[in-house]
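Annotation source TrEMBL lists domain 'GST N-terminal' at A:2-79. As annotated by TrEMBL, domain 'GST C-terminal' applies to A:81-205.
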Amino acid sequence: MPLYKLSYFEERGLGEVSRQLFHLSGTPFWDNRIPFDHWPRIKEYTPFGQVPILCVDGEELPQSFAIARYLANQFGFAGKSAFESAWVDALADQHKDYLNEIKPFLMVANGFAEGDKEKMMNEMAKPSIRKYFTILEKQAKDNGSNGYFVGNSITWIDLVVSDHMGVIETLVPNAFDGFPLVEAVRQKITSEPKLKEWIEKRPET
Amino acid sequence: LLTTMPSYKLSYFPGRGLGEVSRQLFHLSDTPFEDHRVPMDEWPAYKDSTPFGQMPVLFVDGKPLPQSFAIARFLADQFGFAGKTPFEAAWVDALADQYKDYFAEIRPFLFVVFGFGEGDKEKLKKKVAEPAINKFFGILEKRAKDNGSNGHLVGNSLTWIDLQVSDHIGVLELYLPNAISAYPLVNEIRKKTTTDPKLKEWLDKRPVTPF
């Protein structure tokens, strides 16, 4: 088995899905959490000046979704066929497009930028959430309402969406009203024993 | 092992845009496909039949797959342009994601120079385009060097990120001549990619479109 190290900040953010893949698969890894004040000094030594970074037997790989897809492929959480994997990728890309749309709201809501949080929530966040979650709800339905977005087992897009819902619900009340099948995916994923175990014991951030 | 080839259709606008890399993968691999071009005025009627209300959409034996990068990665995997190992494939993906981040940064400039909106081109060039280009192409230049200055961004053969970057440079140079003059290794990659005989054949005969 290769030696794995995942470097990211001391928070869930863009590192959490990859951490979850290690825990779900029972794969040992070095969960390297970088304190914020260390970051300026080590940034220039990273491939893209960013984290997360995955190290596999000492070889580095940047970019959170490239890392998640790589680990998911290694551990069996990337769909059961090439076409299923491609659908997981398509949903992940749609997730990124959606995140780009609501980023200005998230920056303000999390205190990283100035702005009218209430106005941005109503004019930007809620419509974007509605548009993206409508796609997810239809996908969950077309996939057979079986508690997964793609195929009939956990894939990394299930983890991405479930984790993100945990972030949004602290910022936008009733964000997921009208999306029962998406809620059902989140319920199913977060009650998966190995994942539940990690979620309960992980650092609070 | 005899396998029947699936039937492929790629639906996109009559332009290069987000469909071009996938078209190139078909031509590079000599794989027949229906190059379905949807004129702008027919798009509203077609839109609802697409999974995400967007194009491109790839149809594999009639089954749809949306999102340009998911399509490109799927085709690259099928045809051998996704790197030779899972780790190489992951590096292609990482560079593609970095390209997306860069594109989001430079979009306000491109939006104006493409003629989709009003804006101060000179100001956007200095404040938006140049920093974004320097950051991203700096990463690419280093990556090209670390990969052995062999004319590819990953491994020692053509991958879909070579196609994506080369195509984008072509777009950039329409509005910023000498855009990549400070990045000689990246320029080498573009030259090697665009002189690949099969690709050159397509580039020479493809429809000329504004985008």
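Backbone N, Cα and C atoms are what each Cβ position is placed from, and that goes for glycine too.
Caution: TrEMBL annotation is automatic and unverified by curators.
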- Message: For the domain 'GST C-terminal' (A:81-205), report the average pLDDT of the model, please.
- Response: 95
- Go ahead and report the DSSP secondary structure tallies for the domain 'GST N-terminal' (A:2-79): helix first, then strand, then coil. 32 helix, 19 strand, 27 coil
- Message: Please count the residues of the domain 'GST C-terminal' (A:81-205) that DSSP assigns to helix (H, G, I), strand (E, B) and coil.
- Response: 87 helix, 0 strand, 38 coil
